[in-house]
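Chemist: My structure is below; once you've seen it, I'll send some questions.
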Amino acid sequence: MSASYQTIEHDVPQSYRDKILKWNGWGYSDSQFAINKDGHVTFTGDKYEISGKVMPHFRPWFENYLGIDLGFVSPAQKLSDVIIDAPVENEDIIEFLQENKISFSNEARIRLMRGHGHTVHDMINLREGKIPRLPDIVVWPKSEHEIVKIIEGAMSHNCAIIPIGGGTSVTNALDTPETEKRAVISMDMALLDKILWIDRENLTCRAQAGIVGQSLERQLNKKGFTCGHEPDSIEFSTLGGWVSTRASGMKKNKYGNIEDLVVHLNFVCPKGIIQKQCQVPRMSSGPDIHQIILGSEGTLGVVSEVTIKIFPIPEVKRFGSFVFPNFESGVNFFREVAIQRCQPASLRLMDNDQFVMGQALKVASDSWWADLKSSVSKMYITSWKGFKVDEICAATCVYEGNREEVDQHEERLNKLAEQFHGVVGGAENGQYGYRLTFAIAYLRDLGMNHGVLGESFETSVPWDKVLSLCRNVKELMKREAKAQGVTHPVLANCRVTQVYDAGACVYFYFGFNARGLKNGLEVYDRIETAARDEIIACGGSISHHHGVGKIRKQWMLTTNGAVGIALLKAIKSELDPANIFASANLIDIIGSPHCKL
């Protein structure tokens, strides 16, 4: 790495972000899908259940489905060859940080690691060594008091601030605006990572906002509790990040989304600290100020502490699965589950293409009995039940509770599935589906290594529009890809991941072989934009839980209306009149060079 400036720093912490995470890909440095010496796909490292396992069926599926050759490699640029521009100089803020003994650094790699999230643009730019505008200084507050001091310093010395938690954003929320002329401070919350107290009587927990999800859950488990919030990013995302993006976890059916779990929070903004004066389950005291902070995406200030609900660890956790003859049958089953309000902790439905992809990711078995059992199961489904291989879809679920509750819940869902021509697939298949949850995020890196551009995105949609939205968006992505010159088959599948009374959350996975395209990222952008337009046209939302960031701002006016946008701008103007928190997420500030609204 080359940087033509002097590094200045004070009391820099040893951060897991810098030590064990990839700088240009998802997750841990030692974990990735790779090709072994026998030409099969395997998973490296030791952090996941599929680590060290071979997936003999995945390579042929991947190559045939996307028209690629895994022997062709699109290498990423080495970190040592990446050139980082010098930061915007601001000696006053450096002196301020030194005087107040606040940990900081302007070292190139540290700035780089905090200057991006995980969109396909972020990753391709890093792989190609195209480094955009980065934050100029990274600070690590060790207390709420230091957060206040840093904001005061930014206001006094003409700086901007972009907070960062786990860095898992997929909305360009962490990208520094190219138009920002001030020195930009990245406020890394990593040192604010402690549980402050656990209240066993009221079943609440107070924690600092920088605590990583898996650490929070691990510490609670040792005390006999769970927070119940389990997003797919739980290994790396933080409590403060969950609040800032209005996050959702896969077990929301039992425990709720983050807005249901928050009891109290502290929020530091340029005008001071926002906090309610009591920690109660509900208040009727005017509009709920928590709802202003939830989903604010670092545009108004930074979350410092949060009180959340906690729950005793359930006595029983059991997996389940179902196979349906087609996607429509599965969706109708989900709708009936919602009507009868008998959702298990988690319930997911994969369409046929995603079901086939999941089968391709099955690891090689050492047991001939397991292989035989799998063959018999497939014969039962296809030959005896008459399910068509190119229409089958599957659902996986998690039951949690005491043994009696789980037994009754499982029996009820099994009977309900039969009414919609479903076949019980058993706990083992359900458990395998959830085992893949955290490892599957690494698939995109494998694709990029071989010329594939891909992304996932989500929406929420009313029940009466789920089927049409899924069908129309998938068809549009394939049609638009062909129109944009993509000559190979396109990956376009979906799953229903959350069940609500009035609708569902739908996740789309999209990817294509970009070899031979001169402008692969531009093609990708045009396809994704068309897909999001189609989602809106089909009655879906701008996002269910990923948030808006910068990449979805163009739909904010359509989503919230002119008066709604005016209200958001008024809140911004009141809490942050100097635009200190200048991430440019959600809305554009009137008078800024990039203002469109």
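Cβ atoms here come from the backbone N, Cα and C positions, even for glycine.
As the structure is a computational prediction, the values presented were derived from the model and not from experiment.
Feature list, courtesy of Swiss-Prot:
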ACT_SITE  TYR507  active site, proton donor/acceptor
BINDING   163-169, 232-238, 245-248, 297-303  FAD binding site
BINDING   ARG444  substrate binding site
DOMAIN    131-313  domain 'FAD-binding PCMH-type'
SITE      ARG348  site 'Important for enzyme activity'
Chemist: Given the residue listed as 'substrate binding site' and SER233 (FAD binding site), what distance in Å do their CA atoms have, once rounded to a whole number?
Modeler: 15
Chemist: Pick the one among the binding-site residues SER233, SER237, THR299 whose Cβ has the fewest other Cβ atoms within 10 Å in this structure.
Modeler: SER237
Chemist: What Cα-Cα separation, expressed in whole Å, is found between GLY167 (FAD binding site) and TYR507 (active site, proton donor/acceptor)?
Modeler: 21
Chemist: I want to check the contact list for ALA247 (FAD binding site): same chain, sequence separation of six or more, C-beta distance under 8 angstroms. What comes out?
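Modeler: In sequence order, the residues whose Cβ lies under 8 Å from that of ALA247 (FAD binding site) (at least 6 apart) are HIS229, PRO231, SER237, GLY241, ASN257, ILE258, HIS545.
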Chemist: Could you tally the C-beta atoms, other than its own, that fall within 10 angstroms of the C-beta of GLY167 (FAD binding site)?
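Modeler: Around the Cβ of GLY167 (FAD binding site), 24 other Cβ atoms lie within 10 Å.
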Chemist: Pop the Cα-Cα gap between TYR507 (active site, proton donor/acceptor) and THR299 (FAD binding site) into the table, whole Å please.
Modeler: 26
Chemist: So what sits near VAL303 (FAD binding site) in its own chain, CB-to-CB under 8 Å and at least six residues off in sequence?
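Modeler: Looking at Cβ-Cβ distances below 8 Å from VAL303 (FAD binding site), excluding near sequence neighbours, one finds ALA209, LEU239, GLY240, VAL243, SER244, LEU265, ASN266, PHE267, VAL268, ILE293.
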Chemist: Give me the Cα-Cα distance between PRO163 (FAD binding site) and ARG348 (site 'Important for enzyme activity'), rounded to a whole Å.
Modeler: 32
